[in-house]
């Protein structure tokens, strides 16, 4: 069966174009939604690390450090665990620390289609009239709109990459540091117990 041509083909072409647009919008929406869920997961994992290590640091400072004078063999593992917990907390906090751009865009940025108005960090210092005019330019230009969506997804990906790198480093420091601290504690205890008591 030969494809239709002429006026009879217009509804079919319109339907195909509509399907393509719907597919693009679905792809962009799903990608943005997935990135947001991954970001929320990273924040939750960072919060867990911060909470756990806050408890560890508080316990060491309030319970262990005051007893080091009578238990000198605990000095090395205690300070090692304290350092590990502090380093883990710093990395976890850095992974959730937001990075905010300058919050402005120029008319040249709009003309060159470089301003991404879908991210608040690019317009939060702008006046409403300037932002509204810029957003109308985006809405009336489908290519500019899709470019903005693509830039927004790319920016999310860059932020996610940095967040997960820091989070992975935090988990590695915590995991290996905890293992080393426990081994150090065991060795220190064995050495201490093997020493003869001085009367």
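From the backbone N, Cα and C atoms, a Cβ is placed for every residue, glycine too.
For the domain 'Pycsar effector protein' (27-187), the predicted model reports an average pLDDT of 88. Per TrEMBL, the feature domain 'Pycsar effector protein' maps to 27-187.
Per TrEMBL, transmembrane segment is recorded for 46-65 (among others). When Cβ-Cβ distances below 8 Å are used as the criterion, the transmembrane segment (46-65) is approached by residues 74, 78, 81-82, 85-86, 88-89, 92-93, 95-96, 167, 170-171, 174 of the same chain, each at least six residues removed from its ends.
Sequence-distant contacts of the transmembrane segment (71-94) (same chain, six or more residues past either end, CB-CB distance under 8 Å): 46-47, 49-50, 53-54, 56-57, 60-61, 64-65, 166-167, 169-170, 173-174, 177-178, 180-182, 184-185, 188-189, 191-192. If you look up TrEMBL, you'll see 71-94 (among others) marked as transmembrane segment.
Per TrEMBL, the feature transmembrane segment maps to 169-191 (among others).
Sequence-distant contacts of the transmembrane segment (169-191) (same chain, at least 6 residues past either end, Cβ-Cβ under 8 Å): 45-46, 49, 53, 73-74, 76-77, 80-81, 83-85, 87-88, 91-92, 95.
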